[in-house]
């Protein structure tokens, strides 16, 4: 009971950290890009990841966490995949209307459910699906204003959805199958994510904005907001891996839509963004859907705890998908620390 209580507190802490840091960085970046005219989102993300890696490297040198070796091929492909997904999301935003981009983000949840059902044999009850449907409808009502389709934008959106879903599923899978913590995985993968975005970011940003990040005139206030954004990003990146590892990719996406609702509310109260009855209705429906999702997940977890033998049997059936294991949950030496 003590371990379960500690785990639940850890989950709550991770969720709170993720929401607080994500809302903070959205407000910071909105001020940086909209008010101060710094439009280089992909390049900024590469700086975020570099600062995150440097921070974790310093923490590791001070023995704040133990580094664990992960197969280079696994972590390299994982890092590159996550970096590519960020690039596709930014390109999708550049080629599509805001409304279609929001539809792209909404599509991540059902696509993740589909992938986990087909490939990981994970079961989602009808109640969970209903709560997710209400959540998506609410966020859609609150945030989608226009839908303009084009061929290139649609292809980029599909690629963004696929890479984001697979990346988030692997974030959860690698932590559980290779028995690594969120900090260890982020520390190992951040350099690869940063590298691919550091190379491609300026090109993507120049293509989308017609401006060169290296020719931009950096004022002291712009530099201050960039530094603040990079500092907050350490918490954002850490909490992302932590939440996905402790819960699931679907729960992380649900949390992401809670952040969307909070950002809309903060935008209205702090930045005086336009707010309509439709926004209010959508947020209320979304919050109701989130409440149902949280309640149904809690109920199902209680049932699983009541019948642990069945859960263990399910876990054993599911595990061979990405790794071969010996009896007693020990990896074979040839597969240790690798899922590729």
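The backbone N, Cα and C atoms fix where each Cβ goes, and this holds for glycine too.
All annotation found in TrEMBL is predicted automatically rather than curated by experts.
The domain 'Sugar phosphate transporter' feature in TrEMBL is assigned to 21-294.
Per TrEMBL, transmembrane segment is recorded for 38-58 (among others).
Sequence annotations record features per position, and here TrEMBL assigns transmembrane segment to 70-93 (among others). Within the chain, the transmembrane segment (70-93) has long-range Cβ neighbours (under 8 A, six or more residues past its boundaries) at 41-42, 45, 49, 101, 104, 153, 156-157, 159-160, 163-164, 166-167, 170-171, 174, 178, 180, 184-185, 188-197, 200-201, 204, 208, 337-340.
For 132-149 (among others), the entry in TrEMBL reads transmembrane segment.
For 155-173 (among others), the entry in TrEMBL reads transmembrane segment. Beyond the transmembrane segment (155-173), the same-chain residues lying 6 or more positions past its ends with a Cβ under 8 Å from any Cβ of the stretch are 78, 81-82, 84-85, 88-89, 91-92, 95-96, 100-101, 103-104, 107-108, 111-112, 115-116, 120, 185, 240-241, 244-245, 248-249, 252-253, 322, 339.
The transmembrane segment feature in TrEMBL is assigned to 185-204 (among others). Listed as Cβ neighbours of the transmembrane segment (185-204) (distance under 8 Å, sequence separation of 6 or more from its ends, same chain) are residues 40, 42-46, 49-50, 52-53, 56-57, 60, 65, 67, 70, 75-76, 78-80, 82-84, 86-87, 90-91, 171, 174-175, 212-214, 237-238, 241, 245.
Taken from TrEMBL, the feature transmembrane segment covers 216-238 (among others).
As annotated by TrEMBL, transmembrane segment applies to 250-268 (among others).
Look at TrEMBL and you will find 280-296 (among others) tagged as transmembrane segment.
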Stretch-level contact, the transmembrane segment (250-268) and the transmembrane segment (38-58), CB cutoff 8 A, at least 3 pairs: no
Of 38-58, 132-149, 280-296, whichever stretch has the most CB pairs under 8 A to the transmembrane segment (216-238): 38-58
Intrachain residues whose Cβ lies under 8 Å of the transmembrane segment (132-149), provided they are six or more past its termini: 96-100, 102-103, 106, 109-110, 113, 250, 254, 257, 260-261, 264, 278-279, 281-290, 292-293
Same-chain residue ranges lying at least 6 outside the transmembrane segment (38-58) that approach it to Cβ under 8 Å: 29, 32, 65, 83, 86-87, 90, 183, 186-187, 190-191, 193-194, 197-198, 200-202, 204-205, 208-209, 211, 213, 216, 222, 225-226, 229-231, 233-234, 236-238
